[in-house]
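Asker: The pyridoxal 5'-phosphate binding site annotation in TrEMBL covers A:94, A:95, A:122, A:123, A:124, A:125, A:165, A:194, A:197, A:219, A:249, A:275. The N6-(pyridoxal phosphate)lysine feature in TrEMBL is assigned to A:220.
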């Protein structure tokens, strides 16, 4: 790893790091869980609280266009997804948005009750499907989850929608959206992609891949702040044929007409429900400015270089011999994180955090290293490998202070 | 109105005004739409963004107990509702929370498909019911809305739940929760109260009134900021007998076990869905500190005095002769706003705002004056009456610049 300095010096994305307020003396490798604070988001929140809420008060719904913020923020996300305008809106959480879209999918495929997913999908995706099935009853909705390698066989004529997460939260493996979408469509099945670990770090082409619907997260690689609102993508071709059940007043054609009967807004705006949290959404909206002029292919190239450098480094360190790299080696199969399995994963994660390398633990035995090409440097990778090797060589992860497993996110 | 100064001088709640950052030179009478900025909320947001998100990053989920914020904030709201601990949680929007509770109500009353409400309820309440009915089909769910005076007759044995808003958003009239709840229960009907215009300004006794479920708003009289999250109340006696359909990972018994199957958390925490917006919820949490040591009965007494003073003032002004007071005169029938109907309501609202008296307009012909006893003074009332009379006497509301009706919230 002698050429680290050269890699950083030649990194065309290196200047973007200055747009974030990263804590001193830390290597932050958990942007796949919570992106760091962009300076633009800090300033925007201050303006929204002090000037807009504090001084302009209720008038801000119009004068600062709070009312337009969900659509405006959706349109800022759209280019990162390869989506033409009019198909993305920012609102609610991934969980709630999944419910809206799953109901829509069942509506588009009458007579097909199955929502098909992957057993190790992120749990909330599975839970929301289970909630839908419990509400509608088994004649109208069946939640089916199978291992990843059984997905193709499970795509039968009972399946309305295939709901998958592109990047697996645990092992960082990556689905081929285009190929799977095509296979699903050949069987008359709609696709609903969860882009939680994709948006903002992978080049996406939802329109040209003919994706039907998608959700994604505002607080991971979009750096929108803790619990930032999520987003919905619904392809234009479906928009006039569906309604969604969480039809609150913000999704009404004329919210301020206060009519007793619901009339959906045109297009994807009908997927809005209640009043949006303005402060949090404004933070996300400002955070998205970081992507201005960023080439997603360049971002992806750096992401792959970072994760590859890390995997190579780990494999080269004798002290890391007991770490099993769970993440696929093939570029086209890997998201923007590397997951290591180790019997003492908990202790390793705690020791790394104490040493200033912020990673996270996922039960039962995984340490996740998230690499964010917007702000992580090659030096960050080298430091992570060095600290990991040092900890393992010194058996630091076995120290009693790391043995008690307390709650960790 | 000669004794205004005396009223303010003798007002035991007057010092609370200093806890808010109200704009200079304005009389803010729209706290029933958006409460003003409490200094505590401004400071908390700054700390959450800069220290918690910016510096401590992902560790804040534990070290600053972000993960506990929805329950902790619910418990801070509970005393304002007359609710013992363990029954209130802060999450999502009123719209989304209504959906969760309506599904729960239908589950508790099998064979009764009707959700009964009032025709002029706040539209999102009606819309969410319509969405539920469309999703479940008419055998399982029927949305029925009748005029207020037809409610009693409509409570038949097909009704599962009566969903009402305590204070009508348009005319400010107030329902008697205790009496209506008793009448509903006598017919085997559950009650779901929307406390959007009640929480933080009316003394509530949900437990002793035997209310089954309730929702409420964080951004009106709780002053939690634009689009602040809402809350859910579910009486303890129902909690072990129900499940809710929007069962996301935050409502799981062990979110960080990442199990493939949903197991609900104990109690009302199972009504959480996805990851909460932390910045917005933290603002609301801090805003609730304003209520520390405040006697809700004292707050109610001042609220009634403010609205009565306003109505008396309007009636005494010859220039206001064409204003029809829609809000009931009887104390026990009046919330914390006064609504005036006038054919030129739009122009009057715009002229008042230009004169520094911030009110709002509701179609087709209503001007709403919201009075918040935490920060409004008797002088605010006098100023509102004086400006209203001046505008009407001078026909200022008829000026061309107020004639075009542009969008207003």
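Residue numbers in this text run from 1 along the chain shown.
Keep in mind that glycine also has a Cβ here, set from the backbone N, Cα and C atoms.
The shown structure was predicted, so the numbers you read here are calculated from the model rather than taken from an experiment.
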Asker: With a CB cutoff of 8 A to chain B, go through the recorded positions A:94, A:165, A:197, A:220, A:249 and name the hits, or write none.
Answerer: A:94, A:249
Asker: Provide, as an integer number of angstrom, the distance between the C-alpha atoms of residue A:249 (pyridoxal 5'-phosphate binding site) and residue A:220 (N6-(pyridoxal phosphate)lysine).
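Answerer: So the alpha carbons of residue A:249 (pyridoxal 5'-phosphate binding site) and residue A:220 (N6-(pyridoxal phosphate)lysine) sit roughly 28 Å from each other.
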Asker: Just jot down the residues in the same chain as residue A:197 (pyridoxal 5'-phosphate binding site), at least 6 apart in sequence, with C-beta under 8 A of its C-beta; none if empty.
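Answerer: Looking at Cβ-Cβ distances below 8 Å from residue A:197 (pyridoxal 5'-phosphate binding site), excluding near sequence neighbours, one finds A:32, A:165, A:166, A:167, A:168, A:169, A:172, A:217, A:220, A:221, A:335, A:336, A:337.
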Asker: Using all protein chains in view, find how many other C-beta atoms are within 10 Å of the C-beta of residue A:124 (pyridoxal 5'-phosphate binding site).
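Answerer: A 10 Å sphere around the Cβ of residue A:124 (pyridoxal 5'-phosphate binding site) contains 27 other Cβ atoms.
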Asker: DSSP secondary structure for the residue listed as 'N6-(pyridoxal phosphate)lysine', reduced to helix/strand/coil, please.
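Answerer: The three-state answer is coil.
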Asker: Quick check on the binding-site residues: of A:122, A:249, whose CB has the lowest count of neighbouring CB atoms inside 10 Å?
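Answerer: Checked A:122, A:249; of these binding-site residues, fewest Cβ neighbours within 10 Å: A:122.
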Asker: What does DSSP call residue A:165 (pyridoxal 5'-phosphate binding site) in the simple three-state scheme?
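Answerer: For residue A:165 (pyridoxal 5'-phosphate binding site) - judged by DSSP and reduced to three states - the answer is strand.
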Asker: Taking only the residues the record lists as binding pyridoxal 5'-phosphate, namely A:94, A:95, A:122, A:123, A:124, A:125, A:165, A:194, A:197, A:219, A:249, A:275, what is the largest Cα to Cα distance between any two of them, in Å to the nearest whole number?
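Answerer: The span, Cα to Cα at its widest, is 30 Å.
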Asker: For residue A:94 (pyridoxal 5'-phosphate binding site), which residues in the same chain are close in space, meaning a Cβ under 8 Å from its Cβ, but six or more apart along the sequence?
Answerer: A:124, A:125, A:194, A:196, A:215, A:216, A:217, A:230
Asker: Using DSSP reduced to three states, classify residue A:197 (pyridoxal 5'-phosphate binding site) as helix, strand or coil.
Answerer: coil
